[in-house]
Structures are given as structure tokens and as C-alpha cells.
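Participant: Before I ask anything, let me first share the structure, which is written out below as C-alpha cells.
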Amino acid sequence: MPKPRTKRQAIRDERKKKRRETHEETHEENHDERQSKRRRVDGEDRDEDEDTQQQTYNDAGDHPQPFHGNGPEKEFFGMLADEEQEYFRRADELLELNQFPSPEERHVFLQNVYKEARGKELKLASSQSLSRLMERLILLSNTRQKKQIFNAFAGHFLSLVQHRFASHCCEKLFLESAPIVTQELGGIVPETEGNYDEMEVEEDAEPDNTMENLFLMTLDEFEEHMGFLLTDRFGSHTLRVLLVILSGRPLDDSSTKLLLKSKKKEYISVQGATGASDELTHQLRAVPESFTQATKKIIQDAVAGMDFTALRVLAKHPTGNPLLQLLLELDISLNHKSDKSSAAASKDTLLYRLLPDAPASLADETSQAADFVNSMVYDQIGSRLLETLITNCPGKVFKALSHNFFGDRIATYVRNDIASYPALRVLNRFSKDDLVEAVKKIIPVVPLLVSKARYNVLKTLFERCDARGAYEEKSALTRALTDALGPNPKDLVPKLCHLVEDESADKDQFQQSPQNKTAVAAHGCHLVSTMLKTPGNASKVAQKSLVALPPDLLVKLATTAMASTTVLTTALASPAAPQNEFFHKALVGALAPHAAELAQSQFGHNVINAIVEIPSRGTDRCVPFHVKQTIIASLAGHERALRDSWMGRSVWRTWKGDMWKTRRSDWVKWAKEVDGPAEETKLKPWERRKLEQQKGPQPRQPPRETAKEDKE
């Protein structure tokens, strides 16, 4: 939000005045009708009534009251007539079914729906049953139509983002409009489809504004209420979406989706929606300088007027904490990494407000910064903010944190269910020397970690030791883990992956839920997969334990869950450990008799697909070619059953079963392509001589000295 915005504000004030006059003229005429309709549909759309919505909000118990009192007054946009509701419900059903006789009729139908929706956008967005239609219209709209929806929502965004259903429409509008900002910034004007030109043009239509200005004018409406939106149930989520757009982050990145997704949000889609290109959604987007300034302004306004105590309360607020994490990450990125000099001189950034006088103050146990870290590390909600702080803070602040808090107490933190997660973030940033010291302190508590199923701690230690080159510590961790699991090292995979039930553990944890058991088994499978990818004793022990499994447990491992299947696919893709050269041959040989069964499994078919990629000859990993022939013959014997499921069809395509049936020699050549150049070096002398004759005589190169003389 740049300071010179008087022209935008004047346009906004004029629009507000026009809407206010129109609203006052029609308010008295529609008052009685609106009240009757609200009473009639109160049981169906009760969330549209503010009192009922607030009551539901309080009774839920999941979301506390807003952080800054009651906040601004919410608007009621009225309700549609019965005929209009029926028309739009029918239109929503037709768009979802997409059973139009021809594309032309679909375009005509959409054109009529857009015409009918003009002037009713606010009512549609705030309707429980019709907000889905509004989201579909946003997905189908072109650039000019998105700008028209922006103008229809203008002046009411503050109320819309606090609404249960309208907030989703705002988020969809922001996300779909974000790539247009980048296109306009590069001088690319997105084309509008000619099918909608007739209904777009109006006599009194205002000239098109840039999407950048539309976003900035939307932010102007939130400027005085940032503190309230931090903890609003729906507004905080919409503000997260806006911050992601302003920062230029990838919209379809996995971390971004995790930040923006809602557990209760229904995924809305529609056939024929024209999405943005992958470059504008999967990569960093170019954003104008005004967006960067607006992000800094939001960070300042959001925590303006909050003292240290208020920030601590906000850090433990279930609704405000995720947004505070994003604000802190953007604050460090914009103020401490991009502009280090001004950040050091200002000391008024969000980082320094959470950790006053850092890094020097972190050495003082009585300081506010030290008190903040100690109060967050064991808090279920506050520890998430501490994770973000540890991951993104500057190096000098991290050194002070690790030296004064985590260095000596790392073994204590990793044993705790909550404090272990900030400790893992610290381990990811440790240098080799600090990591070696941390491993020495954690090794004595490995049996306790195994008994508590803290497998993610051990997984992180193996990964970081491999990345930092701490080979002795990897071997020590492997010995400590195998000793903690029992005297027999071959029990590593069955116990970590929970392939066998431990009666003693069941007695101690008789109240453990099935979901918790599945999650613990998944963490154990991830640990085994990490060990298989780690060269040295870790992979050697894991491979020996895997080969020692009986066939029934191997099949169970391949078919239980995706995490357990990953153990086998990782083992097949990893090189054999020293003194275990026949690992792949033994593993595939045990799986081959069950190939047809695994090929029809939801998870097991991935294992069969991974076998075909293993070469028949090689030093690191190989499977004899006759074993592959045995597997394809077994699959061909169950071809009819394989074709009845998508898993079986996937395996049949991957193994090229049709080629094996009709062109056996071509299949043999294809199956040996993965062997690479090693196949040519193993040729017999007469085969190599025949190959040279086919290539023809090659011209001899002149000696180097003769070539120089010719040039002279």
C-alpha cells in the first residue's frame, strides 16, 4: 500500500456514495419482504444471520473470540427472490453436470447466467447454497469479468471476508486474479473471449482498471482493521491468501497449499475453466514494487499497538498463530535478508519485537527474548511459531538461540512430544561440529526415543549426518538403534514398520487409537526408507533385515500402506551395500511368486513397476533377466484379472505385456535397454567383431605432429 493513493481513494469514496444512495432508496421497499424471507429460510441458511453465526461460533469452542473485541459491523446484503434462487440453483446443477448438447449452447447458457448475476454478486457470495455458483463463475470468467466482480465487491470486502461463505469467494477471486497482475506487469494484456463481449459492454461502464490497483484498493479497506483480521475466524484465512499473492510465492507449491488449505473447505471445480500457465502458478511470480511495500505495511499495521505481552498472547492464539507465522517469515525475508542495513538500524521489525535486543538479549535468562523462547518451546501452538523463527531467522540470531537454549538441552527437547519439533528445526541448521556434539548427547536416550516412537528424530539425525559427512556418528546411531530394538538386528524392519504385534507394547498402550498406530507405523517406515538411502552401516543393516523377512511379511509390507510400499521401492532403487551384492536378486526372488497378487493391489503395484527398471547386469544393483521373464509370464497368466483394475492395467502397460505376447524379441530388447552400455562390454569376441563390421571402416586420425605441419 504505497502512500500516494489519493486518486484511488477518491474513486472509492465516489462509489461508496452511489451505493449508499441506492441502498437508502430501496431499503424501505424491501424491508418487510427481507424480514419474512429471513424467517422462512432461517433453518436452511442460518449462517447468514449474524446472531446465529456468532452463537455457532461461540458454541464450537474451537475458535476463541476475536483478539481485538467485536470488530467492525457486518453488513447484510439481502436475499434473492424465490424465482431467482431456483434459477441459480438450477444453473449451478447444470454447470456441475456439464451435459450440454454442444459447446455453443453452453456458451449461450453461461452468457445468460452472467447477465442474470449482474448486480446480485453480493447476495450470491453470501448465500450458503449459491456461493458455490459464485466460485464457479469466478473460475469461468475472463480478465474483464474478474475485474467486474472486483468492482461489485468493492467497498464490502471487509464484511465479505468475515462471512463463512463469501470469504471463500473472495479467496477464489484473489487466487484466480493473481497471475493477471504478473501478465499486466510484463506488458501482456490477457485476451477476453468474444463469447462474452455482448454482455460485458455497458453504456455507463467505467474504464478498466489494472488488476494491481484493484488489489491495492482492496487492501485500503482492510488498513484500519488488520489487528482484528489477525484472529477473525474467516478473515485471517483470507488475509493469508492476500499475503501469499503480494509476496509472489508459487500458488500451487506444496508448502503454499499447506498454508492456505482449510480442513472443512469444499473443493469447487467446473468443466471448461481456463487456468493460468504453470509458470505463473508453480514458480515465483514477478510482482510490482507496490505489492512489496504493501506487504511491509500490512506487517506494521497488523501488530501496531501491541506490546510484548499482547504478542505472546497472539502467538498462542489458535487462529492468529498461523497468520503470525506467515507475517514473521515475510518480515525476515523483506527486512532482514533483502535490506539488512535498515533492519539493523530500525529494530522495529516483527522479529525484534518478538525477540527484543536480540541476539545479545538471548544470553540473559531474565530478558523478554529468553522468556519468549522458554514459554513457546513447550506450548502446543506457540512452538509452531518458534519453528518458523528457527528456520528463517538470520544466522547471528540462530547462533544465539542454539548456544543458549538448544545446544546443551537438545537431548531433553527431543524426548518431548512438543519441544521435539523446534529441536528438529535446530538440527537441520546445525553445522557439522554442532551436529556431532548433539548426536553424542542424543545417543544415550535412543532407547527412550524408540520406546516413545519418536522415529522422526532418528530420521532427521540420519539425514543430517549424511548431509554433513558425520560418518562415525551414523555408525554410532545405527548401533544404538539396533541395540534398542533387541538383540537380533534382523528385527529392525518388522518392529519399525509394525509388521508384527508387540504384546508388551499393546499392554502398555492399550488405549492407542487405530489412527495413531497407523501414524506411528508410517513414521517407522520413513525411518527405514531413510536408512536404505544412507550409505554405510545403516543401509547394510536395513537391507539384511529386509531380506530376512518371510514372504508373507514382505507381501504385507508391500500392500499395507503407501509408506510401507515406499520402503520396498526405495530398497529396489538404492545400490546394494558392501558384502551384500545379491540383495536385489534375493528381494525380487522373494516377491516374484506373488507378482500377480501385488499387481492388483492399490499399493503393491508400485513395487512390481519398480522391478522392471532394475538392470540385468550391474555392480550396484541387478536382477537376473530370467527373473523378469518369470514375472512377465506370471502376469500374462492373469491378464484378464489385471485388465479389470486400474492397478493391473498400470502394471501391464509398464511391463509392456502386449509387446511380450506379440513381439517377444522386441520385448527382450526393450527390457535390456536399462542395462545401458554395460551390455556392449559383455559381448563375445565374435559378436564384437560382427558389430564392428556393421559399423564399417573408420578413417584413421593423423598423428598430432603431422596435423600441425599440414596446417603450417
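Cβ atoms here come from the backbone N, Cα and C positions, even for glycine.
Sharing the features that Swiss-Prot gives for it:
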COMPBIAS  1-20  compositional bias 'Basic residues'
REGION    1-75  region 'Disordered'
COMPBIAS  21-35  compositional bias 'Basic and acidic residues'
REPEAT    116-151  repeat 'Pumilio 1'
REPEAT    221-261  repeat 'Pumilio 2'
REPEAT    368-403  repeat 'Pumilio 3'
REPEAT    590-633  repeat 'Pumilio 4'
COMPBIAS  673-693  compositional bias 'Basic and acidic residues'
REGION    673-712  region 'Disordered'
COMPBIAS  702-712  compositional bias 'Basic and acidic residues'
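Describe the structural context of these features.
Facilitator: Per-residue pLDDT, averaged over the repeat 'Pumilio 1' (116-151), rounds to 91.
For the repeat 'Pumilio 4' (590-633), DSSP puts the residue distribution at 26 helix, 0 strand, 18 coil.
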Participant: When DSSP states are grouped into helix, strand and coil, how many residues of the repeat 'Pumilio 2' (221-261) land in each?
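Facilitator: The repeat 'Pumilio 2' (221-261) comes out at 29 helix, 0 strand, 12 coil.
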Participant: Helix, strand, coil: count each for the residues of the repeat 'Pumilio 1' (116-151), based on DSSP.
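Facilitator: Output for the repeat 'Pumilio 1' (116-151) reads 26 helix, 0 strand, 10 coil.
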Participant: If you run through the repeat 'Pumilio 3' (368-403) with DSSP, how many residues end up as helix, strand and coil?
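Facilitator: Split by secondary structure, the repeat 'Pumilio 3' (368-403) comes out as 29 helix, 0 strand, 7 coil.
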